[in-house]
Structures are given as structure tokens and as C-alpha cells.
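K.L.:
First the structure, then my questions, so here it is.
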Amino acid sequence: MLKIYNTLSRKKENFTPISKNQVTMYVCGPTVYNDIHIGNARSVVAFDTVRRYLMYRGYQVKYVSNFTDVDDRMIDRAAEENVTVFQLADRVIKGYEHDVSQINVLPVTVRTRATQFIPQIIDFISRLIEKGYAYKSEGDVYFRTRKFQTYGELSDQSIADLVVGASEHVNLEEQSRKVDPLDFALWKGQKGDEIAWDSPFGKGRPGWHIECSVMSISELGETIDIHGGGEDLKFPHHENERAQSESLTEEPFVHYWMHNAFVTTAGDEKMSKSAGNFITLHEALKTYDANFLRFFLVQTNYRKPLQYSKDSIAQAKRNYDRIAETSRNLKAYIDGIEPTKTDKSNGSSLVEDFKKRFVEAMDDDFNIQNALTIVFEYLRWINKEVINQLSSLDELNNIQNLLIDWLGILGLSEPKTEEITDQEILDLINQRDAARESKDFKLSDELRDRLLNLGISIEDTNNGTKYTKK
Ligand SMILES: [Zn+2]
């Protein structure tokens with residue numbers, strides 16, 4: 001049975017969705033003021049993998065994620081670039097969608113944008129005011145945090161802790177409009193001529209937290225199965241989402257709260273825009289193959305920090321290459337086998353065993369690291385006992401299909417035989433030139449053969465090595 005670690009209860013719980021065969025999932029998306037970095041991409045990949053595994057387990061997954069397309073940072077950035085907030089959002093969203101599709105992230109079922117839910121947000125806030133959970137103050141609207149009895153439970157903080165925390169981040173101007181320092185903004189009154197919408201509370205725009213409550217409830221209902229995001233969203237964002245949603249509906253907002261850990265860089269520092277130690281997904285895709293990046297992002301259990309460095313990407317590349325190579329070799333072997341040949345063999349029960357062990361690993365709160373151990377064991381078995389050994393086509397297809405299923409869950413593309421870029425060809429040629437220069441003819445011959453196998457023939461001329469593709 002699938003178990004998921006629930007941040008709220010701080011333990012692994014059996015997963016029972018609200019509807020038998022369907023899972024509702026809401027994952028907080030980016031604020032679209034600039035390109036996402038590798039740290040943000042990890043969250044996207046972690047929840048894409050959760051979704052893929054749930055689909056593999058037979059659930060239909062309704063997956064909703066948002067773009068925060070209006071907030072202070074967007075307003076500031078749009079002003080700097082002399083464009084409207086909408087123009088900025090449209091441009092960043094286009095880049096985001098392109099980049100995440102490169103690393104094989106499935107398109108969401110529904111993508112919501114905060115600015116498309118303004119009437120619903122206004123209605124939600126109005127009802128919170130009617131119920132006494134929110135109040136107007138000089139054009140803003142605030143949520144009465146202490147009125148929600150279990151506030152702090154999700155992020156495991158007491159009200160006393162929160163009071164201390166709030167006193168450390170005082171915005172005096174805003175504080176003067178709040179009844180209690182713990183209260184948070186649901187609606188922000190317009191300042192100057194910044195972007196604003198009409199509302200019964202005056203012209204303004206929604207606070208950040210309210211949009212996710214409204215979009216989740218509008219698209220998926222009052223209670224959903226899974227709500228996910230990076231662990232930095234636990235507090236205050238998710239704590240506030242939970243407080244305002246449950247105050248209004250008097251129903252549990254979310255059954256399973258999931259949070260992924262950060263990507264860290266040298267010195268275990270969190271990768272972030274503010275620390276300036278980030279690399280954007282867009283930049284990374286210029287340097288690294290999308291499959292290596294996907295492998296890098298998916299390989300570590302989602303609740304553990306993932307260290308980003310050139311070495312860790314190189315390691316991910318080696319591991320991905322192992323999978324790709326075996327997958328290609330197995331395919332070539334199957335393609336080359338005579339269809340009539342149906343020798344008896346006993347691989348089937350082993351395949352079932354591998355399949356079961358992979359599911360057991362993933363059922364344990366998506367334990368990718370254990371699942372990958374099984375994948376690599378499977379690759380060794382294929383190389384040793386299957387290729388050139390087994391020849392029952394049914395069995396071989398069965399063995400290949402399991403590998404394809406796993407690649408699908410991990411979000412890795414099926415390796416293609418003919419896929420070699422010009423840069424990769426040049427790299428191999430340069431390696432061969434270097435081998436010849438150092439008189440390592442064995443290596444240089446091996447590299448020539450490898451190129452030939454890839455359909456590349458080379459010719460040594462006075463002007464260097466030339467190559468032609470077959
Ligand atoms: Zn959110």
C-alpha cells in the first residue's frame with residue numbers, strides 16, 4: 001500500500017484518496033517575474049514524478065498548478081523593464097512552459113493564474129469577513145490568525161513561537177493597520193497607480209496566500225487529496241492557505257501535505273534568487289542534456305536536500321548513460337532476433353519480482369533511491385543474463401516493457417539509437433585526436449569504432465579530422 005509522509009501529522013500515512021480511482025492534487029507554482037532556477041525545477045520534477053507514479057498505480061490524477069502573476073516583485077520588475085505586469089507574466093510563462101517541457105514534465109490538467117480568479121477571490125474574502133475571520137483596515141483586508149484554533153500546526157510552531165517570529169519581521173507601516181501582528185493580508189489596497197481591481201473593500205489586489213486557497217477549491221473542491229510545494233512554502237504560505245480555507249469551509253482543506261527539500265550548492269547553502277547562487281533551468285539546458293538534468297533532479301528522495309555541482313551532474317550523466325546504453329542494447333538484441341525462435345527460459349518470475357520490489361520502494365513515500373537501486377540491479381541482470389542469452393520473444397518484450405514503464409515513471413525519455421548531437425560527435429573526435437597524439441592507438445581505434453557504430457565515418461586529412469553521417 002502506498003504511504004505518503006504527511007507534513008501535518010509528521011508521519012507516513014496510508015494513502016486513501018477521496019474518490020476511489022481519482023486523485024486531486026494542487027501544487028504551488030512560480031511567481032512569474034523571472035526564469036525558474038534549478039531549485040524551483042526540483043519541486044516541479046518531484047511532484048511530476050509523484051503524479052506519474054500515481055498514474056502508474058492506476059489513478060486518474062487531476063493536477064492543478066498556478067502562476068502567481070501579480071505581486072510586489074512582479075510590479076517592481078515590470079516597472080524596471082517598462083512593460084505591464086501582464087506582458088511580463090506572458091513572457092516568463094512562455095519560457096517556463098518551454099523549459100519544463102524539455103525536462104519531460106507532463107502538462108498540468110489545469111493551469112490557473114491568480115489574475116483570472118479575482119471575482120472568486122473577492123467572494124472568498126467577503127465571506128471570511130461575514131464570518132468574522134477577516135476585517136477591513138484602511139483599504140487592506142486582514143485575516144484574524146488567532147481565531148483559527150490550530151494555526152501553526154502544519155509548520156509545527158506554537159503561537160508563542162509565532163509571536164517571536166513576527167516581532168523579528170516588522171513592517172511598521174503595515175503593522176499599524178493590523179489588529180494583531182500575526183494577522184496576514186488577504187487584500188492589499190492600491191498604492192499609487194499600481195495595478196488594481198475594484199472590490200467592495202476598495203481598489204486593490206489579492207495577497208499571495210489567498211489565491212491558492214481559492215484556485216484549489218474552485219478547481220478541485222473544498223477538500224483535496226494532495227497539496228504540494230517546496231518546504232519553504234510550509235510557513236507562512238501553506239499555514240495561511242489552510243487557516244483561511246478551513247475557516248471558511250469548516251472542512252479539512254488537504255488530506256496529505258507534501259513538501260520537497262531544497263537544492264543546495266557548495267557549503268550546503270540553499271539555492272535561491274536572494275543568495276545569488278542559482279543557475280536557471282534555461283541556462284542549465286544550454287549546457288546539459290535534458291535527460292541528465294531530469295535524472296539529476298529525480299534521483300534523490302524528495303524530502304532530502306539535493307546537492308548541485310558539476311560533479312553531481314556528471315554522476316547523473318553516468319547513471320543515465322548506464323540506463324540508456326542497456327536499454328539500447330536490449331532493443332537492438334530484440335530487433336535482431338528471429339521471430340520464430342522461442343526458446344524456453346525462466347526469466348518471467350524474476351521480472352515479476354523486480355516489478356514488485358520497485359513498487360514496494362516507491363510505495364514507501366516515493367523512495368526513488370531504493371527504486372533506482374532496483375533499476376540498476378535489473379540493468380546488470382539484463383546485461384549478464386538476458387542479452388544474447390534469453391531468446392523467447394514474449395519474455396524479452398516483457399523485460400523491455402518493465403524498463404520502459406520505469407523510465408516513464410522517472411520521466412526519462414526512451415533513449416534513441418540515432419540520437420547524437422554534432423557536439424557529441426566533435427567531443428568523440430577530439431578525444432580520438434588526443435589519443436592518437438599520445439600514441440594510445442587502442443583507445444583511438446575504440447573511439448573510431450564507437451563513431452562507426454553511431455553511423456559516423458571519419459577521415460583524417462591535413463586539415464584535421466572530417467566526419468560524415470551515414
Ligand atoms: Zn500556493
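Keep in mind that glycine also has a Cβ here, set from the backbone N, Cα and C atoms.
The structure displayed is predicted, hence computed values, not measured ones.
According to TrEMBL, the Zn(2+) binding site annotation covers C28, C212, H237, E241. Look at TrEMBL and you will find K273 tagged as ATP binding site. TrEMBL lists 357-419 with the feature domain 'Cysteinyl-tRNA synthetase class Ia DALR'. Marked as motif ''HIGH' region' by TrEMBL: 30-40. The annotation motif ''KMSKS' region' is assigned in TrEMBL to 270-274.
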K.L.:
Given the recorded Zn(2+) site (C28, C212, H237, E241), which additional residues of the same chain have their Cβ within 8 Å of the Cβ centre, ordered by sequence?
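P.N.:
Apart from C28, C212, H237, E241, the close residues are W208, H209, E211, S213, H227, G229, L233, H238, N240.
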K.L.:
10 Å Cβ neighbour count around H237 (Zn(2+) binding site)?
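P.N.:
Neighbour count, Cβ to Cβ under the 10 Å cut-off: 18.
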K.L.:
Do any residues at least six apart in sequence from C28 (Zn(2+) binding site), in the same chain, have a Cβ closer than 8 Å to its Cβ, and if so which, in order?
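P.N.:
C28 (Zn(2+) binding site) has long-range Cβ partners S65, N66, C212, G228, G229, G230, L233, H237, H238.
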K.L.:
Just the binding-site residues from C28, C212, K273 whose C-beta lies under 6 Å from any atom of ligand 1, please, or none if there are none.
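P.N.:
Among the binding-site residues listed, those whose Cβ sits under 6 Å from ligand 1 are C28, C212.
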K.L.:
For K273 (ATP binding site), which residues in the same chain are close in space, meaning a Cβ under 8 Å from its Cβ, but six or more apart along the sequence?
P.N.:
N34, H37
K.L.:
Report, as numbers and ranges, which residues of the same chain sit near the motif ''KMSKS' region' (270-274): CB under 8 Å and 6 or more residues beyond its ends.
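P.N.:
Here the qualifying positions are 34, 37-39, 262-264, 308.
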K.L.:
Could you tell me how many residues in the motif ''KMSKS' region' (270-274) are helical, how many are strand and how many are coil under DSSP?
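P.N.:
Counts, helix then strand then coil: 0 helix, 1 strand, 4 coil.
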